[in-house]
Amino acid sequence: MIAANFLLNLFLYPILIKLFRRRRIGQYIRKEGPDLHGYKEGTPTMGGILFVLTGFLFGMISKTTTMVLLGMFLFFLIGFLDDFLSVVRKDSTGLKTYQKALLQTLSALIMLLLIRPETNVDFFGFTIEMGKWYYLFALLVIVGSSNAMNLTDGLDGLAGWIYVSGSIPYWFFLKERGVSEDILLILGAGVLAFLVFNSKPAKIFMGDTGSITLGGVLGTVSVLTKTEFYLVLFFLIPVIETLSVILQVGSFKIFKRRIFRMSPLHHHFELIGWSEEKIVAVFTVFNLISSLVVLEIFGVIA
């Protein structure tokens with residue numbers, strides 16, 4: 001099933017790229033972004049629509065947890081709407097920040113009301129009872145995961161490789177704990193096929209349609225499996241990318257000084273001379289190593 005999803009996406013992406021070019025469904029580069037990205041203007045976007053929809057299809061066939069599929073669908077709608085508005089308006093502005101945050105929060109709340117998770121967390125072997133505060137924590141996990149993957153999607157191939165480098169080890173970790181969430185691998189197969197066309201020079205971008213959905217799925221899975229804190233270790237790069245934005249904004253507002261040349265962090269490395277390929281390679285290897293270290297520490301691999 002995983003191989004079938006990979007092959008299906010590999011076959012369909014060239015068709016989708018041609019269709020999007022014909023329909024002029026292209027990326028609009030934000031003005032405050034690096035000047036180095038100007039040549040990417042017009043590259044087909046919303047490419048995540050394919051690996052998400054095929055992932056949803058194979059997820060239903062594989063009897064993936066209904067709540068995961070629902071979360072996947074809700075966050076897909078948010079990402080799709082954001083990209084759609086950007087294409088229609090012919091600029092980089094889709095949903096406004098507060099609109100996106102509101103929709104993500106509402107989606108996460110719907111998920112939590114339906115899931116009704118236990119209110120304890122596993123803090124690396126120690127069980128902590130959070131009571132009603134857990135719902136706020138879980139809300140932050142789901143929305144934060146969605147935004148973190150969205151922030152990571154700024155270079156050709158980056159978000160895709162980070163997802164693959166973290167989701168496969170994460171699947172093995174969950175399997176060791178007696179939990180099977182094959183949607184992680186099913187989506188990973190689609191993302192791998194997508195990367196054939198997204199690695200530099202990208203022929204298509206996943207857009208918010210892809211990145212917001214991937215992050216939403218990861219957050220939902222972590223809440224369902226009570227592995228919220230472990231998720232951070234399998235996806236350290238998105239966490240670091242998010243922290244770089246928070247620190248940059250906070251530093252500028254309080255001290256009127258920037259810590260990085262630009263945030264998220266991958267843009268900082270671009271502006272100090274690193275090539276996109278180098279940044280993607282270093283970030284991916286770092287994320288993969290951190291994931292493998294987690295598997296080693298918790299005895300998943302000998």
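Any Cβ shown, glycine's included, is placed from N, Cα and C.
Here is what Swiss-Prot records for this protein:
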type: TRANSMEM; residues: 1-21; note: transmembrane segment
type: TRANSMEM; residues: 42-62; note: transmembrane segment
type: TRANSMEM; residues: 68-88; note: transmembrane segment
type: TRANSMEM; residues: 123-143; note: transmembrane segment
type: TRANSMEM; residues: 154-174; note: transmembrane segment
type: TRANSMEM; residues: 178-198; note: transmembrane segment
type: TRANSMEM; residues: 204-224; note: transmembrane segment
type: TRANSMEM; residues: 229-249; note: transmembrane segment
type: TRANSMEM; residues: 279-299; note: transmembrane segment
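Within the same chain, residues 1-2, 4-5, 8-9, 12-13, 16-17, 20-21, 24-27, 68-69, 72-73, 76, 79-80, 83-84, 86-87, 182-183, 186-187, 190-191, 193-194, 197-198, 202-211, 213-214 sit at least 6 positions outside the transmembrane segment (42-62) and bring their C-beta atoms closer than 8 Å to a C-beta of that stretch. With Cβ pairs under 8 Å as the measure, the transmembrane segment (204-224) is packed most heavily against 178-198, out of 1-21, 154-174, 178-198, 279-299. Among 1-21, 68-88, 229-249, 279-299, 1-21 has the largest number of CB pairs under 8 A with the transmembrane segment (178-198).
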